[in-house]
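Per TrEMBL, these features apply:
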- 1-15: signal peptide (SIGNAL)
- 89-233: domain 'NACHT' (DOMAIN)
- 750-784: repeat 'WD' (REPEAT)
- 793-834: repeat 'WD' (REPEAT)
- 1011-1055: repeat 'WD' (REPEAT)
- 1057-1098: repeat 'WD' (REPEAT)
- 1099-1140: repeat 'WD' (REPEAT)
Amino acid sequence: MPFRLFAFLSNLTFGTYNDVTGNQTNTTFNAQKINIFNQHSNAHEAHLTEEKIESPEFSGNDRPHCLEDTRKQTLQSIDEWVNAEGYPNVLLLIGAAGTGKSTIATTVAGRYQRSKQLGCHIFFLRGSSDPGNVLESIAYSLAVYSQIVAEYLVKQIEGSGDLGPSNLKTKFDILLRDTLSAVAANVDSSILIILDALDECGTPETRQSLIKVLQHGLPSLPSNFRFLVTTRPEGDLLPFISLSPLRVHTIELDRKVEENRLDVYTYIKHELEDLKLSTIFVIPQDWRWDEGVQSLADSADGLFIWASTAIKFISENKPGRFRRLKNLVENGNTLDLNELYATILKNSFKWDKEVEDTFVEIFSFILFNKSPLSDETIDGILGINTTSEVLMYLQSLVIYEPGKSIKIRHASFYDYLVSCKKMPWYIDADKQKAYITSKCLERMGDLLRYNICNIPSSFVFNTDVPDIDNLVTRYISPFLKYTCCNWAHHLQDVSYSQELCCQLRSFVYKRLLFWFEVLSLTSTFSDRVGPALLFAIDWIGSNDPELSYFLRDAYRQASTYLEPISKSVLQIYTSLLPLTKEESPMSIHYSKYANDAFRVEYIGRKPRNACIKTIQVEKECIRTNFLLFSPDGTRVLSHLKQDVCVWDATSGERIIGPLTGDDKSRVLSAAFLHGGRYIVDIRENGIIRKWDVLTSSLVWRRVMGEGQIDWRQMESAVFSPDRKSIVFGDNQGSIQVWDVDTVERDGSPLEGHTSHISCLSFSSDGRYLASGSKDTTVMIWDLNKRLARTGPLRSHTGGVTAVDFSKVGNTIISGSEDGNIYIWDVNSGKELRKIICENEVFTVTYSPDGLFILAGGEEWMSMWNVVDAMAAQKVFQVHGLICRTSFSPDGSRFVSGSDHFSTTYNKIQIWDASWSVEGTKTMSEEQQGMITSISLSPGGKFIASGSDDGQNTGSICLWNALTGELVKKVELGCRVESVSFSPINDQFIAFSSWYGTVELWYVMNDVFVTIGNHWDRVTSIAFSPSGGKYMCVASAGKDKKIRIWNVKRRKLVVGPLIGHDDKVTSIAYSPDGTRLVSGSCDKTVRIWNSETGQLLSTLSGHYGDVNSVAYSFDGSRIVSGSFDRTIIVWDTQSGQIICGPINAADHVESVCFSQDGKQILSGSQDNTTLCYQVLRWDN
């Protein structure tokens, strides 16, 4: 079948851009290729295109050639190697930086182009060359060069199927070894393939597999295919360099040898002679020309990069050429390369403070940018117009053309600028990276605005807006697009600072939606918005919780509305804001921009859905074995049939895969490596593979213990945290540890279970392993000692289906077919808690902070707070069998995988975990019993709670209302019935007891004072609002009476108030303190004069016990809640019902008004809290 040879050269943005430092993002380039001169090349390329064998888009710079009569000996040696028999087919040209390797390689390429013997010439750039695509580049170039090679290559590909995910060894065999061996007999003369600067291809880690394949593979190819490889003597290339002379021919370039020094002299003399012939280079007649040339050559000391830089400096298109030459001649003998750079810079400008600042700012963007920048873009970001002027004076150091991407000429110049601390042109990398980030935020703040391109209507897609390209060009400059696309990547480069956070906060609260606009209009919303927001959240950390919370909400909304916003920019204001402005902090903040023509009104409550994104995946016959986030939280790795896939966590799009092996065995487990650059997976046949995420190519394939084990017995597998080991559990109850590098078993099997191992989990440090089995037990193993540490743990009555170590602390959780979850102490094996679930548990996992447990099964998924696992769980609306769950690294989201038996698709869903748990703080487990009453302090800083702790005991706890931390606790010898803060001092708390006492707690010094007594238990107390003439506490009890006490004198001042026919359940003061309302089991509400005790009104309307009463904040209304499942609002003057009865779902236990009086909040016996909106007060 036709094969798209370079299909894996996708537009995936990963890794780095800059060809100097290797720390800049957003490029997809692999290697560069010069034109191949062959009379049939166009026809061959057309043939390859028909077969869908396409070249990647190469881009590169012209390379200099050797001058005539230089490098003679080296070039002759290479010519002899190419054409003579008896030499190995691989030549390594080795030399240090600046010794002219690439110039020689380019010269050789030119010679063999003319003789039609050049099959391929690839040269690599540091940071922008991908090792995964080198073999395809060679194969393509050779196919274009030769029709015979092209025909055989197509046959090999058609016979081998999809090579996309194949490892490099397989690709080498098919694309080069088999193809070239087949055509070798038809090749009359040697064909030269040049790989220039192999040491610049990727990093030592990423090129490891390529070097190994080339080292063993190239010498085995037919001898008429000659490979010239240039490289520095880098450490990871030494095994290649040190191969036997019978396999590899080597030429070393030594800058100190006489030929090299003579060639440098010839080069300098040639360039200066050319310059001398021009009319713009005037040499005084008395100047000793020959001595000057020799002196300059001596200064270069055989180093071509020194000579080249010096010549470019002298030749720059600005006055003073002879002065610059004379300066170098007179001082050159003392100048190393760094000193040469210093001389050039010193002579280029008058270095005052303004020049210093301008230079540093411009070159900071050149060195640390995230994608190529032109002078115009740098000018725009910095708000200057001098970049071109500066660079025109430095063309000996940078490759510069107006309006085009800027690059420095040699990596050593970067190294110099960031290390010359005493020089005015020194660039402090950390400081300048922070400056770049600040500048990006500043420019976005200046330029982003509402409807930036003046789009007239939200009813059209971006692509259908008339003249959209011109509108985008006019209003979104290249530098604004750069800042919008890359500010978060720059933010990642710097440490947290309060100053930068203030800038970020301003951008988020003033320009965030306008930033959304630019991303939508430049077709980058789906790729950029999610990672940028996640990077910003990660950068903030715990330093600004409010800003992080706002950004998390922004991420949720951007992810949810990603598709409409990507396609139509004004959907931000016509869809996102109107639909979410009642619930989203971001949308509430930006609600003034919501289009008034679009309004959504809900009858009843709007359902909150914590699901951010749903991904439908092809139905598979087996359940998902793994599901996890990448280390940066931007991607999700999943199992799909027998393959591995990677999904974008924001858009839900599949961005990598399926990564298919050469067999159809099931993938047992997978994990990310090296910050997410690689994936490693293990299959049930014992084959382990490492994949390159950037190229989707297979880096290596290993067979675990080939022939030593029956892999069909393996039931489960898990990688160690450092990915150096993998643990298998089999169907006989054995656990085996294997070394990933040696693919050998590491030690004897761990024995202890009696049935098959269903689940495994490592501790975060990799020392301990938890295992769960069908035999209903859990065991914890010490892998250092290879012994059971704890267990077997035997509380489960069904097979154990899931185990997970807490990332913090010493606990594990286990889920089982018996429908229970247990929390265990790792050290003692003690059962700490039991959670009863709806049915069989298929997955259970800890949140990264260890505070929450997430579990799922058939038609259910819930989350519990670990501190109080007995509290009501957070329930998520799901369908199908939830078989896998996993948290994002920061714990803000989690992903679930479900099997839907009745549909043709399964689902991967990403959920907002923060919504599920934020806004509800569980106040620890310090108060063990039933909470009977709570009260908020006047300043809102503290919460007091009273409890019935059982066995005639109770307690009062004082909590920090913001953090949920326990401030103080007192234990009492009786049940606490009611608590109330003083309205003027949060250090005074009144409380009542089961024994009928009314007491006051002076919190500061823990003094307790009894104010008064009832004949039976006191059910409710309330402080008078402002204290009035004297501070009072009202109390009501089971004795049907209400009493009002003077706190200071501790005596009864009003009452008892008699009128109720059954116990009084609730009392409340009016805002002015002159009235008191009470509710009773006699089904009435009564209003009293609090100063005289006179009964003013009896309100009837309920048919059950009145459990709770409260005044509105203006005192005009009273709300009551009853056991009869109704809520009634009363007019305080007339005593008439003005709203209700409002039907509730269960017995109403508590009621209150909102501050503006327009909402009523109620709590019911069904564990729900409801908010009612009162539209009008006319019943």
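If you go along the chain as it appears here, the first residue is 1 and each next one adds 1.
Backbone N, Cα and C define each Cβ position, glycine as well.
Curation does not apply to TrEMBL; its annotations are automatic.
Here the repeat 'WD' (1099-1140) has a mean pLDDT of 88 out of 100. Non-local neighbours of the repeat 'WD' (793-834) in the same chain are 755, 758-764, 768, 770-780, 840-846, 848-850, 853, 855, 857, 866, 869-870; each lies 6+ residues outside the stretch with a CB under 8 Å from one of its CB atoms. Counting residues 6+ beyond its ends, the repeat 'WD' (1099-1140) has Cβ neighbours under 8 Å at 1062, 1065-1072, 1075, 1077-1081, 1083-1087, 1146-1153, 1155-1157, 1160, 1162, 1164, 1172, 1174, 1177-1179 in the same chain. The DSSP breakdown of the repeat 'WD' (793-834), given as helix, strand and coil counts, is 0 helix, 23 strand, 19 coil.
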